[in-house]
Amino acid sequence: MGAAILSGLLTEILIPVAAVVGIVFALVQWLLVSKVRLSPEKATGSRDGVSDYLIEEEEGLNDHNVVVKCAEIQSAISEGATSFLFTEYQYVGIFMVAFAVLIFLFLGSVEGFSTKAQPCTYSKDKYCKPALANAGFSTISFLLGAITSLVSGFLGMKIATYANARTTLEARKGVGKAFITAFRSGAVMGFLLAANGLLVLYIAINLFKLYYGDDWEGLFESITGYGLGGSSMALFGRVGGGIYTKAADVGADLVGKVERNIPEDDPRNPAVIADNVGDNVGDIAGMGSDLFGSYAESSCAALVVASISSFGVNHDFTAMCYPLLISSMGIIVCLITTLFATDFFEIKVVKEIEPALKKQLIISTALMTIGIAIISWIALPSTFTIFSFGEQKKVKNWELFFCVAIGLWAGLVIGFVTEYFTSNAYSPVQDVADSCRTGAATNVIFGLALGYKSVIIPIFAIAVSIFVSFSLAAMYGIAVAALGMLSTIATGLAIDAYGPISDNAGGIAEMAGMSHRIRERTDALDAAGNTTAAIGKGFAIGSAALVSLALFGAFVSRAAISTVDVLTPKVFIGLIVGAMLPYWFSAMTMKSVGSAALKMVEEVRRQFNTIPGLMEGTTKPDYATCVKISTDASIKEMIPPGALVMLTPLIVGTFFGVETLSGVLAGSLVSGVQIAISASNTGGAWDNAKKYIEAGASEHARSLGPKGSDPHKAAVIGDTIGDPLKDTSGPSLNILIKLMAVESLVFAPFFATHGGLLFKIF
């Protein structure tokens, strides 16, 4: 077999050190952002004396009113976002405690709450810790994952609301300065989340080891609760935040832009604060929790399979920690990559923004490939065995390198295909914009067709990575491929969070009445951010497909199913019902956005019609009522879709058994991925088609504009339809497919012992 080069002791030092480095780097970036003052101050000639002062005069840098206004708007957005998240977390907290009790009761009942040692699941000749211990530790790891997920989302939101006005103020000095502020703030979130996720998981493993000792099978089975906790919180964050942001966005756009012909983010629009709050609670807090969930689950899936392979059987701690070492290397690689955007190269003109963000993806992927090679060489024995459906498959260390690398590069392919279909620099979105000449109907038809077409290449990329990684290293190969796709999570999140921060910065510029030139700069930042947000969603969906499949494999092994035979009625009924679930879930979330938007539109219309002087700008609208409508709607509406996802595996597993549940998981994975990609890309394309017309950067775009023209109004309608697709239903679906799989894995011991009640009766 040959031992790994890296010693166990060094592994125990390297992983927490990498996590701490990530946290320190995040704090340094935050300090740099905080240097931008949000209080009026006198200009002091600065570096080159007069010249800097003249630029400041020209851009109105000494206008105290603007700074005060920006600070006021920022605090209103921050307060709205904080109060919404606190309300959401109260409800989610109740669910968290209730579900933790459920985990303990279900898993504890496997051996009738016995405290005696039991024969191990996979090595019957050895004795493992009792099922009751597994229940207790699974519950603790579930709570750990849930709390880490909530903290990740909350910190992300706090950083974004801290940075939005600062980005606006920096835009007065040029687009480069604004870009660096927005990107650094995104990096704070990315690194905090990646490092926290790694550190908490690592500490949990080491603490659990004190009790479990040599029983690694039980130890890593109980760690799967960490992934379940992370993803269940992400579901509520994504759905709740998505309903909030889109209700406000649709209400603000339909009445403000289409009916009243006022610009986006105009301070006269009553829904404008709610819209900007929504960007932070949906795109930042929701996305943060979502990617944390993916990361936690792919790590857990890999660890579970490894614990019953030669790594776990031989108690090889370094090889066992291979998934954590990949994540540690990812933090270091992303740190170097971030410096390329903030320190090595400076952006001087608008057209350099999008290439700079794309370079981040390419540089991090290229560097990470080298990083994976190093980790595979030093952390793995030259040959070892991997558990594959009851057998041990012989694998070499270079084969695992290929598994991780193919996941990493498949992520990049999905990212760039997503960009091609959603960026207005390419023909697909320009064709959608052109179709607005003949009205909203043709725009909708073109947009839907684009979304369906955009599924083709990502699915092939996922299929190739599944085939190669499974052929090389069975289910462990798929788990580490998912981890490979997520290994550059810090950079991915930095790029993702950059979008909503820039969007908010543009909104603040408009509301504070800053010059047209500033708004042009923030619009350019926002347009690039829109495309990168779509790339981020592509990554999230691709990794969710791989994670879900790896968890599915672990579930099938744990539930002792030898083969999943589609031709048996038990499995087939599960398959067809599972394929239906993403549609049911999408219907719920779409309708929730629709009914919340309906209330918002009525409220915005009421204010325009009844508040005298609102259109003239002499009186302020009642922002608080619109914020309340969004908050109430999202809290109420997030519960049914959440319940659907959380209860399905429990009901199917308990009443129909593990074979039917395996069918449900396969069906939901296969149909969920397709709908998620097409929904996200359709919505992204409609949004950027509208922005393409508004920017009027080319002759073609100018022929469709200006703002307020018929083609522009058709584009706004398309964008409004796409909003719930790209920001609520699409991104939430990837959580649905992961969450059902990880939940089935956690409850597998119970389903294997007591499941299938209906089939036992009849």
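Each Cβ is built from the backbone N, Cα and C atoms, and glycine gets one as well.
Unlike curated records, TrEMBL annotations are generated automatically.
Bear in mind that the values here come from a model prediction, so they are computed numbers and not experimental data.
For reference, TrEMBL has these:
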type: TRANSMEM; residues: 13-33; note: transmembrane segment
type: TRANSMEM; residues: 91-110; note: transmembrane segment
type: TRANSMEM; residues: 130-157; note: transmembrane segment
type: TRANSMEM; residues: 178-205; note: transmembrane segment
type: TRANSMEM; residues: 320-341; note: transmembrane segment
type: TRANSMEM; residues: 361-380; note: transmembrane segment
type: TRANSMEM; residues: 400-421; note: transmembrane segment
type: TRANSMEM; residues: 455-483; note: transmembrane segment
type: TRANSMEM; residues: 539-561; note: transmembrane segment
type: TRANSMEM; residues: 567-585; note: transmembrane segment
Dominant neighbour of the transmembrane segment (455-483) in 13-33, 91-110, 320-341, 361-380, 567-585, by Cβ pairs under 8 Å: 320-341
Segment proximity, the transmembrane segment (320-341) to the transmembrane segment (13-33), 3 or more C-beta pairs under 8 Å: yes
Distal contacts, the transmembrane segment (361-380) - CB-CB under 8 A, six or more residues away: 4-6, 11, 318-319, 321-322, 325-326, 329-330, 332-334, 336-337, 340, 397-398, 400-401, 404-405, 408-409, 411-412, 415, 484, 487-488, 491-492, 495, 535
Remote residues contacting the transmembrane segment (130-157) - C-beta distance under 8 A, at least 6 residues beyond either end: 81-82, 85, 89, 92, 96, 99-101, 103-108, 110-111, 113-118, 189, 192-193, 196-197, 200, 204, 208, 211-212, 218-219, 221-234, 237, 280-281, 284-289, 292-293, 296, 497, 746, 749
Candidates 91-110, 178-205, 400-421, 567-585; stretch with most C-beta pairs under 8 Å toward the transmembrane segment (320-341): 178-205
Contacting positions for the transmembrane segment (178-205) when only residues 6+ beyond its ends and CB under 8 Å are counted: 15-16, 18-23, 25-27, 29-30, 32-33, 36, 140-141, 144, 148, 151-152, 155-156, 159-160, 162-163, 166-168, 170-171, 219-220, 223, 226, 230, 284, 288, 291-292, 295-296, 299, 303, 324, 327-328, 330-331, 334-335, 338, 341-342, 346-347, 353, 356, 489-498, 501-502, 505, 521-522, 525, 529
For the transmembrane segment (91-110), distant same-chain residues with Cβ under 8 A (at least six beyond the ends): 131-132, 134-136, 138-139, 142-143, 146, 150, 225, 228-229, 232-233, 236, 635, 639, 642, 646, 650, 746-747, 749-750, 753-754
